[in-house]
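Q: Quick one: this structure, given as structure tokens, is what I'll be asking you about.
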Amino acid sequence: MTNVIDGNAVADGIRADLEDCVDTLGDAGVTPGLATVLVGDDPASETYVSMKQRDCEEIGMNGIHVELDGDAAPDELYDTIADLNDDSSVHGYLVQDPVPDQIDYREVIRRISPAKDVDGFHPENVGRLVAGDARFKPCTPHGVQKLLDAADVDPEGKDVTIVGRSRIVGKPLANLLVQKTDGGNATVTVCHSRTEDLADKTRRADIVVAAVGAPELVDGSMLSDDTTVIDVGVNRVDADTEKGYELVGDVEFDSAKEKASAITPVPGGVGPMTRAMLLYNTVKAASQQEDVDVSLP
Ligand SMILES: NC(=O)c1ccc[n+]([C@@H]2O[C@H](COP(=O)([O-])OP(=O)(O)OC[C@H]3O[C@@H](n4cnc5c(N)ncnc54)[C@H](OP(=O)(O)O)[C@@H]3O)[C@@H](O)[C@H]2O)c1
């Protein structure tokens, strides 16, 4: 029978362990602080940052939220970043992407202190990840690695095909899975929009990760028997529901489930893990900056 991997349950377990870490930090007089910076009023971004703030409060961390107008000058954001870099009560923070056109997101990332870059996007942290010395693993790839572990799927020696080569999912995940460490040692193929015969690459894989942003691109006909399928995609498609849409992944769940030995649903798969791993990185940042040992899950 196919194992439908319950991302909510795995994330709940990680959050419970992180609460213990927050208690340990509390005993040392430290409350981990996560700041979110939102420029403008994009509704999806507002939802994401409010969820991140709520997640923080639920496990006893400090949530700090900073909002700037959508027409804020780059210097205004850079001043905010400089303040957060200097604020010792903020152990980690992120600037919610996308930012308005007048702001260069790459420059934003470069200005964030690498020690507080809990998204793991700063060039120094990207370099450390590639070198096998990660300070912060980016949240979604790290969540995928934890889901594989929770489903007892060891990537070692397996062929993994990742569909998507984005900066935040595909590329860092490929780097994590090829590392010579537990949770790595896989042979990784990374596909993208110029890949020829995608189905050939996915059929050859023991583990397929879809991170594309194309509704139900990967279906059962593209998979071999007993594949593990991790669906990172979140796509809104029109539907006869109260909201007028429903969320679907990059994988056609029903046909893929026929072939898969394990598969993540959308919603309820990778999404909750991304949120949990942001808390993980913030607890780790607090532990590093305050020199307090914690047992990270
Ligand atoms: N659940 C979560 O926590 C979470 C977190 C992050 C993202 N997501 C979701 O994951 C999806 C991907 O996000 P992202 O930020 O990684 O996307 P992205 O930056 O838009 O990258 C998409 C990647 O897919 C590739 N691609 C596009 N069409 C393709 C096709 N037909 N065949 C093969 N590859 C194709 C692109 O190739 P090129 O490089 O050639 O353009 C690109 O590498 C989205 O649905 C997003 O909402 C979910």
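From the backbone N, Cα and C atoms, a Cβ is placed for every residue, glycine too.
Pasting the feature list from TrEMBL:
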BINDING   Gly164, Arg165, Ser166, Val234  NADP(+) binding site
DOMAIN    5-119  domain 'Tetrahydrofolate dehydrogenase/cyclohydrolase catalytic'
DOMAIN    138-289  domain 'Tetrahydrofolate dehydrogenase/cyclohydrolase NAD(P)-binding'
Q: Among Gly164, Arg165, Ser166, Val234, which the record lists as binding NADP(+), how far apart in Å are the two most distant Cα atoms?
A: 16
Q: If you draw a 10 Å sphere on the Cβ of Val234 (NADP(+) binding site), how many other Cβ atoms land inside?
A: 17
Q: Looking at the domain 'Tetrahydrofolate dehydrogenase/cyclohydrolase NAD(P)-binding' (138-289) alone, can you tell me the average pLDDT?
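A: Here the mean pLDDT over the domain 'Tetrahydrofolate dehydrogenase/cyclohydrolase NAD(P)-binding' (138-289) amounts to 98.
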Q: Test of understanding: give the count of other CB atoms lying within 10 angstroms of the CB of Gly164 (NADP(+) binding site).
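A: Taking every protein chain into account, the count is 24.
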Q: Taking DSSP states H, G and I as helix and E and B as strand, how many residues of the domain 'Tetrahydrofolate dehydrogenase/cyclohydrolase catalytic' (5-119) are helix, strand and coil?
A: 60 helix, 19 strand, 36 coil
Q: Just how many other Cβ atoms lie inside 10 Å of the Cβ on Ser166 (NADP(+) binding site)?
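A: Cβ-Cβ neighbours of Ser166 (NADP(+) binding site) within 10 Å number 16.
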Q: What number of additional C-beta atoms lies within 10 angstroms of the C-beta atom of Arg165 (NADP(+) binding site)?
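A: Its Cβ shell of radius 10 Å holds 18 other Cβ atoms.
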